[in-house]
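J.: Quick one: this structure, given as structure tokens, is what I'll be asking you about.
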Amino acid sequence: MATTVYGQASLPQMHSLFSKVRPFLSHSPSFTAPFTRRRSFPFSALPTTKAIDAALMKEKWLDSLSLTSQDEDTTPENAESSCIIGIDPDLSGALALLKFDHLGSSSFAQVYDTPHIPVLVGKRVRKRLDAKSIVQLIQSLDVPSGSRVYIEQSNPFPKDGKQGWYSGGFGYGLWIGTLVASGFCVIPVSASLWKRHFQLASGSCTKDDSRRVAAELFPSLSSQLKRKKDHGRAEALLIAAYGEALKTEKLLIQPKELLSQVNYLENQLVEVK
């Protein structure tokens, strides 16, 4: 099998991604925009002015993660394909690239391990992301400027310790800064959202389950998902597939849509009064 400089297979054929992703949609709860953990709009819990402020802040935050407008389609009219990138930003994570033609009839996938280097921290050698190699990896993808990148939000846990908190925040920030500077539209997604989408959010689910689901969606990449340490590859693929499902099924609610719904509710309240 032909490999790239990063040791990954070159553009293997995906196997009916849409036919396998869509069944999850019918069993998944409705989704709000990334960052939103509630399953429905929190109008009953928040005054409408606070809901508007929250929507505006989220819109400004998302705008700051892209050099192009979130609503602007930067794909050239004569382009033969569109791209979605999914990233697990951890040191053991990966970058997944999905390519689709305009008819959705053929799809390709690639996955790359996150480049990292050994660094001496005190008296211990630790891993840190290799910024230069990440830039080179992104440049080698040949992805149109303005393409969407879905990256898992960094949410450190108390048990991770200071080094875990530092490493997680450093990696997350490095990825976002590099992606925005490279001209991508970056959309952070909480782990609970994409895992719930693929029915992996229950306490009994493990990283092995992520590898299993990813292998089912991407059978041509199953050989790269066999080892336990390949969970980062699996999660990057699932994050990318989740992003494509949001785009295809129009489940991603934009802040402007939220504002229009807030305005509608305000008008309803005025009529009641």
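Here the Cβ of each residue, glycine as well, is placed from N, Cα and C on the backbone.
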J.: Kindly point out which candidate in Asp53, Asp88 is recorded by Swiss-Prot as part of the Mg(2+) site with Glu152, Asp230, Glu235.
T.: Asp88
J.: In sequence order, what residues of the same chain, 6+ apart, have a Cβ less than 8 Å from the Cβ of Asp230 (Mg(2+) binding site)?
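T.: Correct list: Arg211, Gln224.
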